[in-house]
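Heads up, the thing below is written out as structure tokens.
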Amino acid sequence: MAGFPGKEAGPPGGWRKCQEDESPENERHENFYAEIDDFAPSVLTPTGSDSGAGEEDDDGLYQVPTHWPPLMAPTGLSGERVPCRTQAAVTSNTGNSPGSRHTSCPFTLPRGAQPPAPAHQKPTAPTPKPRSRECGPSKTPDPFSWFRKTSCTEGGADSTSRSFMYQKGFEEGLAGLGLDDKSDCESEDESNFRRPSSHSALKQKNGGKGKPSGLFEHLAAHGREFSKLSKHAAQLKRLSGSVMNVLNLDDAQDTRQAKAQRKESMRVPIVTHLTNHVPVIKPACSLFLEGAPGVGKTTMLNHLKAVFGDLTIVVPEPMRYWTHVYENAIKAMHKNVTRARHGREDTSAEVLACQMKFTTPFRVLASRKRSLLVTESGARSVAPLDCWILHDRHLLSASVVFPLMLLRSQLLSYSDFIQVLATFTADPGDTIVWMKLNVEENMRRLKKRGRKHESGLDAGYLKSVNDAYHAVYCAWLLTQYFAPEDIVKVCAGLTTITTVCHQSHTPIIRSGVAEKLYKNSIFSVLKEVIQPFRADAVLLEVCLAFTRTLAYLQFVLVDLSEFQDDLPGCWTEIYMQALKNPAIRSQFFDWAGLSKVISDFERGNRD
């Protein structure tokens, strides 16, 4: 090393091969090693044969570095340099004599590390060697010396007892795990690193007296219980690890799948929406399953998805958006329904907020679906090989049916009802499948489902929901026989439904039937709502827009009481009605783009 008498500058023998390479990179390494060698003598005074004193390196501070740049020796809690290994250990591992230049290196070797072996030797595991303490090489190292030097353990019997408790706990913990003095996991040389017994520790603390204090006697008396507790804890840990290994046979694969799922769930859906894709145009008929809660809409959708596969796109109910995005609208709505605080403005405001949140996913998805419609191809009658777009509910339920039920229950004011009704939209080709079921069977299925927020719903609630669907269906029938302007005139009180029937040049419905339909429809409720302000143009436009939009829909009625646990039979009934009704038509969609959009909605609903 540079600056040492009789020594040549340059890296140690283990790196001579790198020095022989004349590449620019290795030349820089050589200069760096030379700088380190020049710097070494000025940092620490060399010991051993280089110093001329012939003294041993008891502290083990001067070791051969394992890699360049070398690391400084670690320091303990008290700021003192922690001894790593003795000079004898370095000599045995590296093959260097105690007087060689490697022992004069001012840098320490981390504990357990080994300098790189020469090119002709295979790397071997380091062999632990006993360390020598500052007080002399003949004494056993005390691993708790750093603990006794800290400020938290200095002074008094309490500090001695705390140190003893840590030491005793470690010994009993090793005994509980079955690690004796000659454990299989340690070599014989490592037995010298054993912590001193409690008696020797007390002997050092009490001035050579072997008899412990009162607290030590108490701890020693309970040492057997402490050992038993540690042993039981170790057995329980090994048992739990065995059970987990049995249950997770492919732990690495499960970890990869979990990471992939987290990465997939963190993907932003808008990126998928806007990415380019090859359009795949297919004809498809859009069906929207409607009905009271618990009639079996989701069960039917899952069955059809399993049967038809890629020929079907299933749009689930946006339950996650309703329950996990901001506040839980489902919980808040059922809370207001079960408390039955009728006729209050604050209740109506809370119900309005919930209903507006219910309408948002339907309006967003309808707008996105409309953008993927191929209008140039037009529409045609439903064919047997057409695809199907199956929705769990339509915007009709969130903006018309349930608001009407809440209005009749006096949970929603007239003004708030108009606000929700104005959000109703529909597209030509939307077909509503009204799944009817008697209240008793519906209640049984609702209890079987066991949703917590539905526990307060009773048969009266289900009956009111069915009545609201019936009112909307009767209103839709009127739109099939009369012009929207004539119906609005009836709602405004300018004429009657009977007069409209008599003035028709080609009456296709009798006045008695029309009168009955009108009384059971939502139009009779609208007449009552707008009566105080029937001259207001905004209210009249809301009624007119609702009537025109309602006429776009088509209805399919299915009585589920006739198909008890018969999903294929129920679908056959829906399918045959769709084929026989010429007003129900298929439209051409970008099937690839629509599949991506729906998959993002499904992913958000699952997360």
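Cβ atoms are placed via backbone N, Cα and C, with glycine included.
Sequence annotations record features per position, and here Swiss-Prot assigns active site, proton acceptor to Glu317 based on sequence analysis. DSSP assigns Glu317 (active site, proton acceptor) to coil in the three-state reduction, outside any helix or strand.
Its own atom aside, the Cβ of Lys297 (ATP binding site) has 21 Cβ atoms within 10 angstroms in the protein chains shown. The ATP binding site annotation in Swiss-Prot covers Gly291, Ala292, Pro293, Gly294, Val295, Gly296, Lys297, Thr298, Arg445, and the record cites sequence analysis as its basis.
In the three-state DSSP scheme, Arg451 (substrate binding site) falls into the coil class. Neighbours of Arg451 (substrate binding site), defined as other CB atoms within 10 A of its CB across all chains, total 13. Residues annotated as substrate binding site in Swiss-Prot: Gln355, Arg451.
Among the features that Swiss-Prot reports, compositional bias 'Polar residues' is placed at 88-106 (among others).
The compositional bias 'Polar residues' feature in Swiss-Prot is assigned to 148-160 (among others).
Marked as compositional bias 'Polar residues' by Swiss-Prot: 194-203 (among others).
What Swiss-Prot lists as region 'Disordered' is 1-160 (among others).
According to Swiss-Prot, the region 'Disordered' annotation covers 180-215 (among others).
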The correct three-state DSSP answer for Lys297 (ATP binding site) is helix
Minimal Cβ count within 10 Å, across the binding-site residues Gly291, Pro293, points to Pro293
Note: in the chain of Arg445 (ATP binding site), residues six or more apart in sequence with C-beta under 8 angstroms of its C-beta are Gly294, Val295, Gly296, Leu437
Quick tally, other C-beta within 10 angstroms, Glu317, Gln355; top of the recorded positions is Gln355
Rounded Cα distance in angstrom between Glu317 (active site, proton acceptor) and Gly291 (ATP binding site) is 13
Between the two most distant Cα atoms of the ATP-binding residues Gly291, Ala292, Pro293, Gly294, Val295, Gly296, Lys297, Thr298, Arg445, the distance in Å is 13
Here the Cα-Cα span from Pro293 (ATP binding site) to Arg451 (substrate binding site), rounded to a whole number of angstrom, reaches 11
Counting every protein chain shown, other Cβ atoms within 10 Å of the Cβ of Val295 (ATP binding site) number 24
As a whole number of Å, the Cα atom of Gly291 (ATP binding site) is distant from the Cα atom of Arg451 (substrate binding site) by 17
